[in-house]
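Features as listed in TrEMBL:
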- 85-211: domain 'C2' (DOMAIN)
- 243-362: domain 'C2' (DOMAIN)
Amino acid sequence: MAGAAAGSRGRPQRVNMQEHMAIDVSPGPIRPIRLISDYFPHFYPFAKRALSAPDPHPAVIPAIRSAPRQRAAPEPEGDSDDSTALGALEFTLLFDADNSALHCTAHRAKGLKPPASGSVDTYVKANLLPGASKASQLRTRTVRGTRGPVWEETLTYHGFTRQDAGRKTLWLCVCEDPRLRRRRGAPPLGELRVPLRKLVPNRARSFDVCLEKRKLIKRPKSLDTARGMSLYEEEETEAAGDERGRILLSLCYSSRQGGLLVGVLRCAHLAPMDANGYSDPFVRLFLHPNVGKRRKYKTSVRKKTLNPEFNEEFFYAGPREELAQKTLLVSVWDYDLGTADDFIGGVQLSSHASGERQRHWCECLGRSDCRLELWHPLDGAPPQLSD
């Protein structure tokens, strides 16, 4: 028996599965252990030391098991993995109802968490939902080499009406510049969305909002057949319908010149007609009927833009009584070299029109030397006029 006992002391003792599962492996807060193989040698078959109860301080072991669980110290803001701890963005929104414009001033970001350590080159990208497209996409300049960039830059959406404020949402993203980091296709560092229906017209409102991760949804199985296609896609937004864009027109009947002055000021949110996602827009004017006088005009072409600015004015001679019986057709086209131009949208102003189009035409001819400016949505189908 003595020989057997001596032999058992010379080799490591084995612990079966039942004995191992009976061991309390989580008695309380984790404390550093000098050598864990002293407690669980069956995890280390190559260990040469025998199983023996560690005897550093036996009186401490009961204290450890009976000690209450301690709360972990709160981590500093910006170092957490929570989706809302990606940093914060400070910005100001102003809905200028008198000029039909939405101003978004990006001030600064705080506590950004880039995917790689070190500095980051960032910019702010803005878009209007639903109907996000290049026409409604604006961005600030890029600030290099900091996790707390300061932009102090204002992005302006022209042609923003009260109806847009009631149904649109502003989508802001803090992005890393791919041209400087060569990380094309990388997701933004954080994003946020602000419903614009809460804005009070002509009153600025400041925000300091935490950034969130971009929401992804699972692709349908029917779309997973393409090799290399991602299993997830960005959250789709509600379609905005067949919006063709808007145009800002000014009308003024000049008593000194004896005719109508038509100003084509700018367009906003035009539909893209070219393969690059943009258009080369220009505007055509047609007064019907206008026999014996010039009735057609055309602006210059603005290259590769969906928000062109023209600021061109044209004149139609005639007394206001005759002009009141005529129709002004304004159409926006995409210029194509060597092929037919593409129709983007149009608007028809006359005393027989409806809504804002009729009011704009009648008020202009009812006053003298008073310039009236108004935004008009474009129709997708060109109107048919007959002589």
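Here, residue 1 is simply the first one shown, and the rest follow in order.
Glycine residues also receive a Cβ, built from the backbone N, Cα and C atoms like all the rest.
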Helix, strand and coil residues within the domain 'C2' (243-362) as assigned by DSSP:
11 helix, 55 strand, 54 coil
Can you give the mean pLDDT for the domain 'C2' (85-211), rounded to a whole number?
88
Which residue counts does DSSP yield for the domain 'C2' (85-211) in the helix, strand and coil classes, in that order?
16 helix, 59 strand, 52 coil
